[in-house]
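Participant: Below, the features straight out of TrEMBL:
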{"type": "TRANSMEM", "residues": "B:12-37", "note": "transmembrane segment"}
{"type": "DOMAIN", "residues": "B:134-349", "note": "domain 'ABC transmembrane type-1'"}
{"type": "TRANSMEM", "residues": "B:138-159", "note": "transmembrane segment"}
{"type": "TRANSMEM", "residues": "B:171-192", "note": "transmembrane segment"}
{"type": "TRANSMEM", "residues": "B:223-244", "note": "transmembrane segment"}
{"type": "TRANSMEM", "residues": "B:280-299", "note": "transmembrane segment"}
{"type": "TRANSMEM", "residues": "B:328-348", "note": "transmembrane segment"}
Amino acid sequence: MATVKLRDIRKSYGKTEVIKGVDIDIDDGEFVVFVGPSGCGKSTLLRMIAGLEDISDGTLEIDGQRVNDLEPSKRGIAMVFQSYAIFPHMTVRENVAFGLTINKMKKAEKDAKVDDAARILQMEHLMDRRPSELSGGQRQRVAIGRAIVRDPKVFLFDEPLSNLDAALRMDMRMEIGKLHQDLGASMIYVTHDQVEAMTLADKIVVLKDGLVMQAGAPMELYHEPANLFVAGFLGAPSMNFLQVIVEDTGEDWVQVSSKALVSVKVPSKGRTFTKGHNATLGVRPQYLIAASDGQGMLNGKVILTERLGSETVVNLAAGDGSKLIAAIAEDAVLVPGTEMAWTFDPALAHAFPEEV
Amino acid sequence: MASKLTTSNRAGWGFALPGFGLIMLFIVIPFFFAFYLSLTNQRLISPNPTEFVGLSNYDRLLSISVLSIEPETDDAGQVVRDDAGEAQYPRVRTFTRNNPDYPQYAGMREWFRWHWGETAKVVVATDVVFWKSLRNTLMFVLVVAPVQGGLALGLALLINQRLRGINFYRAIYFMPVVVSIVVVSLLFRFIYDGNDGLLNNILGFLSFGFFEGRDWLGSENTALGAIMGMSIWQAVGFHMVIWLSGLQTISPTLYEASSIEGASKWQTFRYVTWPGLRNTAVLVLIVITMQAFALFAQIDVMTRGGPLDSTTTIVFQAVERGYGKQDISGGSAISVILFVLVLTISLIQRFLTRER
Ligand SMILES: Nc1ncnc2c1ncn2[C@@H]1O[C@H](COP(=O)(O)OP(=O)(O)OP(=O)(O)O)[C@@H](O)[C@H]1O
Ligand SMILES: [Mg+2]
């Protein structure tokens, strides 16, 4: 168990810089999830921590020690890959024991550790099988077992569940969560699945184009996104954005309106707005509700409804043509084509000044 | 999408016909033809009608025995010795020529002998040259298969690195493969030349003139070795490429996983690379073995089987007899024996390297 500290970490392939100065602090025993769109550098960052990629610039510390130039095996990390990376010609037992075998651990001690890992992952009955006789989830379990027996200070996961089907993904997600509780080790987890990020993380790091957009606890990022990107990235369905004009500003509020929207006063959260400039108003689909007569803030025409079981997702066209999404109760029945009035609580909306 | 062309049976056979026909014409039919001819006394050009002679061609080729010869004794029962104290033996031809006591050795000649106490064990065969060709071919296979395969693997491992200019080396190592073996053999006749050959010059230079130079192809002791060396050099690039393709099928994440576990270079080879090359190894081994058994062009160009039959090979003998001596049936019998030999060895190799 250990802390991990990234200071102004950079990575260039030739002339292209893909990680552009990243600072992250990971506390002892913390579960940190890197999320971001494809190609934003999540894997690259993780592989730099693992030692599989050179660090072009900056400092990486694990447990207070600078490890930039240390071999991967000396960093006290274990890694689980998306493609499992288990050895096809070895049995499950041999795979899990691999690191111990090549480090010449005594058989009794080795067996004890391997059996321990097998018990934690509930795969005792699989130990003599070959990888080709395992399902995807079982293979990933083997890979996790191989990581566990190393007793690493930090676990690294690179999209470990992406190759699994939805149901299995949920099971394994819970198991990884439980593993973190049981072992209490620091874990860094890369994913582009925001459900995994929201459920597992103590801290989410949102990356875009090699830069950290925001880092913090899941609910903090969900409720207080620092910028448009984070606001749009987290939450499903993603946040509605309305183009608005700033009408007035106050100490901690900003008043905006548009062709489609009546004038509303929303918290400015320390961001500065200029009267008359464009801005973006964000409202989560869950907060958009059908208005009772005369209370509507905006009109939306129902285009399409999708019943997901737990909720119904309604696609709307606002007065100015922009597309909106509302997530409403599961039993609501709306007929496509209906013009309706909608409303939301301004305190739960987010305003972002136009980016220049 | 199944078009009419790809589902039509007639079109299928039509496409298969040219290849099928050529294989029939030049491989399958000649094979059965050779088998038939080997049971006759057919000559290339002969006024006499062909007769069926059963297995006598095989009998003549394969008959071999060990003759035990006691030293000559004088009237007192003492072993006769020469001035150096060596026991004297009766000549082998006293047993093999017109000796009614030993009809089984009639017509045989000495191949080689060893001593068992005072008794001389003489290996005699009807067709000593054939046995020599068999021995030379097996020697060639036993040396060339492991050395060429191993060397090719070594080169492939070196080449399979991401280094600047590595393609230059790939091309260099592959180049001899593209050159006709006849041309290579002609060139190596100059290299191995006894008077002013390149090899003698280089060895003389490296040993500061101590090396006196020798006629590499003109001596019984070095001729086969020289041809082995050249053959290994010529085809090593081909097998390097096969190994290389095998190496590139191994997933890079397996190497990353093993580096995280702290595997040394050797351990990585032992646990990741080599198991991943299993099927390639079987292929390379079988291909080299078959090619080595077919050794002909080098012999034909460089030594024509000499000196003293020390480089004659099975295929060379088959051709030599069939066309040189017009003994088509004898040549055919040799081909059939070679076929059985190669088939047996391939089956044994398949069995030993089978998937367990
Ligand atoms: N070996 C390389 N050479 C050049 N560019 C590279 C190399 N590896 C990665 N990149 C670039 O670095 C950027 C980040 O890649 P990375 O694999 O870290 O993305 P990612 O966030 O993990 O994406 P994904 O979600 O698709 O896995 C990408 O733009 C990619 O093109
Ligand atoms: Mg990735």
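From the backbone N, Cα and C atoms, a Cβ is placed for every residue, glycine too.
Set these features in their place in the structure for me.
Facilitator: Within its own chain, the transmembrane segment (B:12-37) is flanked in space by residues 328-329, 332, 335-336, 339, which lie at least six positions past its ends and keep a Cβ under 8 Å from the stretch.
Counting same-chain residues at least six beyond the ends of the transmembrane segment (B:223-244), those with a Cβ under 8 angstroms from any Cβ of the stretch are 136, 139-140, 143-144, 147-149, 151-153, 155-157, 159-160, 170, 173-177, 179, 181, 184-185, 188, 192, 216-217, 277, 280, 283-284, 287-288, 291-292, 295, 298-299, 302-303, 306-307, 310-311.
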Participant: Same chain, outside the transmembrane segment (B:138-159) by at least 6, Cβ under 8 Å from its Cβ: which residues?
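Facilitator: Distal contacts: 166, 169-170, 173, 224, 227-228, 231-232, 235-244, 246-247, 269, 273, 277, 281, 284-285, 288-289, 292-293, 295, 313.
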Participant: May I ask for the residues of the chain that lie six or more residues beyond the transmembrane segment (B:328-348) and have a Cβ under 8 Å from a Cβ within it?
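Facilitator: Result: 31, 33-35, 37-44, 53, 57-58, 60-62, 130, 286, 289-290, 293, 314-315, 317-322.
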